[in-house]
Amino acid sequence: MGTEISEPLIIDKENIDDGGAGIESEQVPEWKDQITIRGLVVSALLGTLFCIITHKLNLTVGIIPSLNVGAGLLGFFFVKSWTGFLTKLGFHVTPFTKQENTVIQTCVVACYGLAFSGGFGSYMIAMDERTYQLIGADYPGNRAEDIKNPGLWWMTGFLFVVSFLGLFSLTPLRKVMILDYKLTYPSGTATAMLINSFHTHSGAELAGKQVKCLGKYLSISFVWSCFKWFFSGIGDSCGFDNFPSFGLLLFKNTFYFDFSPTYVGCGLICPHIVNCSVLLGAIISWGFLWPFISAHAGDWYPSGLESNNFKGLYGYKVFIAIALILGDGLYNLIKIIYITAKEMCNKSTQQSKLPIVNVVLDNESSKGLIEQRKRDDIFLKDRIPTWFAASGYVALAAISTAAIPIIFPPLKWYLVLVSYIIAPALAFCNSYGTGLTDWSLSSTYGKIGLFIIASLVGSDGGVMAGLAACGVMMSIVSTAADLMQDFKTGYLTLSSAKSMFVSQLLGTAMGCVIAPLTFWMFWTAFEVGSPDGPYKAPYAVIFREMAILGIEGFSELPKHCLALCAGFFVGALIVNLLRDVTPKKISQFIPIPMAMAVPFYIGAYFAIDMFVGTVILYIWERINEKDAEDYAGAVASGLICGDGIWTIPSAILSIMRINPPICMYFGPSLSS
């Protein structure tokens, strides 16, 4: 009773003129024609680049910004350049359509998404010997039997058996999620708007300028990274990466600007509140909390311990960071499940009470309705049969249930099977929540699986089983949300749902090969996981400690550590609650606990870099908001990509044992 009617159910057709004739007459290629060889080649190249960037971020700070703008822009640039070059040579080329652009975007995102959900910076590397030794051989629950060092073949095989299930789990619900519930999927919608704009005259002109801007800053970033290398010497104490920008005292507490184009680029992409939250976390931890706890060395914990001993300050750093991450993740999980249930109830109530009405439409409304009908028709035209999705999921689950215990013997087949039975429900919750809030909680679902399986298996293999189960859950939940996001993008760009599904399959297959190969480059060239190296892999220790925590409990924590963890856990819940209950003009200034947690363990240096990025963006927006809106993403992508590309020659030089010629080092001046 009194329900608001948001859409007409019966339309007075006499009031529809041909105002939508433009989109009605638009020729849409068949789904097979939307997937091209040139598109797949470009996808593989860009997938490789973005996998390298994702690994670099994963192994340093663990914060991965959205790279969709860069992927869409570079995909447009490469194919446009290629078709333009061939046309000038007199060859006939197939026109580059927005559908092909969407397929490239989908392929690239699916590929580099596996560099994150594959666990190369978290659960997978948490199994290795270096992480085991870092925690300590005598640490309770940390057994030598729970070690599995990275290997190219088993990592590739593991990704192949777990990464495709998420694609089949929710495919039958695409109509429900996109057309019936009309979920927003903000990132998917923004990507579609970007691609649509590329394929208009004015949009193509702007895209050309954005590409030039991206190329300019990519070149600057690459040259700067190369220049920095010459002064970085041997070890981890030389070069611009260790420049005491604010003096040696603050440098000792990791407060310095390290001239990293990647982190400055992240600061340009990430929202201001994220960057400010990271800086606030750095100030609280490295400015106050760690110096305070260090002052109690000898009382709260034995003095003279090594910097990575869990019985000392290192234990406080890791466990308080875990408390913040779990508090934030648990709150948002409960919140999104509540929102999902509430919205679904509201939808069903509205649908049961909607009356049949006649609506008189004006020209703009009729044009919008015709566009929507066209999108609906194309989206539903190439159906993916439910039996195909269901049988695909069952077959892949059977293969995976048999294969995973071979790779990870402590994770028994029946535990894998139970995971796959409940996974579609969790994938639905995550995909629905992502559609509403643009926040995928795949890592939170993974951590829940980690705790449950580790505690069920117990001390005899629980660490390995928990970490592997985390990978199984993360892969399904993450790829399902990514697929639904891509369905939304395809819907808005008039791309076939079948081409979206196939391009996701192809991109995932590429990722299963490219992600391990690009990680292997890092693994062989650098000391990944070393606390004194550039690639500390901070989340490796955190994930292994979570698994141990699920088995051993809290008995071995340093003095007052449990009380501090409880305080920060409750604090994360309260801060999130305040963000939701206060008015927007206040809540926009309340920090995000998850972002605050990262520098607690890693250090403050990258927070300074990201804050520099956010200050640049803030000033830019005040001087010329339109210019900042158009070009900030391109500048950020250029800075990140240039630094990422330099990783390849840097790794080659490291493998060949060619060291930088100069060590630029800073220390206190000697008194006479």
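Backbone N, Cα and C atoms are what each Cβ position is placed from, and that goes for glycine too.
If you look up TrEMBL, you'll see 61-82 (among others) marked as transmembrane segment. Listed as Cβ neighbours of the transmembrane segment (61-82) (distance under 8 Å, sequence separation of 6 or more from its ends, same chain) are residues 38-39, 42-43, 45-46, 50, 53-54, 96, 100-101, 104-105, 108-109, 112, 116, 121-122, 187, 190-191, 194-195, 198, 207, 210-211, 214, 263, 265-266, 269-270, 278, 538-539, 595, 598, 602, 606, 633-634, 636-637, 640-641.
Here TrEMBL flags 103-126 (among others) as transmembrane segment.
Taking Cβ pairs closer than 8 Å, the transmembrane segment (152-173) reaches residues 114, 117-118, 124, 384, 386, 389-390, 392-393, 396-397, 399-400, 403-404, 407, 420, 423-424, 427-428, 431, 471-472, 475-480, 482-484, 501, 504-505, 508, 511-513, 515-517, 519-520 in its own chain, all 6 or more past its ends. Under the heading transmembrane segment, TrEMBL lists 152-173 (among others).
The transmembrane segment annotation in TrEMBL covers 273-293 (among others). Sequence-distant contacts of the transmembrane segment (273-293) (same chain, at least 6 residues past either end, Cβ-Cβ under 8 Å): 63, 253-255, 267, 300, 313, 316-317, 320, 588-589, 591-593, 595-600, 603-604, 606-608, 610-611, 613-614.
If you look up TrEMBL, you'll see 313-334 (among others) marked as transmembrane segment. Within the chain, the transmembrane segment (313-334) has long-range Cβ neighbours (under 8 A, six or more residues past its boundaries) at 285, 289-290, 293-294, 297, 301, 305, 307, 439, 441, 443-445, 447-448, 541-542, 545-546, 549, 557-558, 561, 564-566, 568-573, 576-577, 592-594, 596-598, 600-601.
Among the features that TrEMBL reports, transmembrane segment is placed at 384-407 (among others). When Cβ-Cβ distances below 8 Å are used as the criterion, the transmembrane segment (384-407) is approached by residues 154, 157-158, 161-162, 164-165, 168-169, 171-172, 174, 413, 416-417, 420, 424, 468, 472, 497-498, 501 of the same chain, each at least six residues removed from its ends.
Residues or ranges marked as transmembrane segment by TrEMBL: 413-432 (among others).
TrEMBL lists 439-457 (among others) with the feature transmembrane segment.
The annotation transmembrane segment is assigned in TrEMBL to 505-526 (among others).
Beyond the ends of the transmembrane segment (557-578), by six or more residues, the same chain brings 299-301, 310-312, 315-316, 319-320, 322-324, 326-328, 330-332, 335, 587, 590-591, 593 to within a C-beta distance below 8 angstroms of the stretch. According to TrEMBL, the transmembrane segment annotation covers 557-578 (among others).
Within the chain carrying the transmembrane segment (598-620), a Cβ under 8 angstroms from the stretch's Cβ atoms is held by residues 60-63, 245, 253-260, 263-270, 272, 275-276, 278-279, 281-287, 317-318, 320-321, 324, 536, 538, 541-542, 627-628, 632, 636, all 6 or more beyond its ends. For 598-620 (among others), the entry in TrEMBL reads transmembrane segment.
The annotation transmembrane segment is assigned in TrEMBL to 632-656 (among others).
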Contact call for the transmembrane segment (505-526) and the transmembrane segment (103-126): at least 3 Cβ pairs under 8 Å, seq gap 6+: yes
Tertiary contacts of the transmembrane segment (103-126), as residues 6+ beyond its ends and Cβ separation under 8 Å: 34-36, 39-40, 42-44, 46-47, 50-51, 53-55, 58-59, 62, 64, 67-68, 71-72, 75, 79, 150, 155, 158-159, 163, 191, 195, 442-443, 446, 450, 467-468, 470-471, 474-475, 478-479, 482, 486, 489-490, 495, 499-500, 503-504, 506-508, 510-512, 514-516, 518-519, 528-529, 537, 539-544, 547
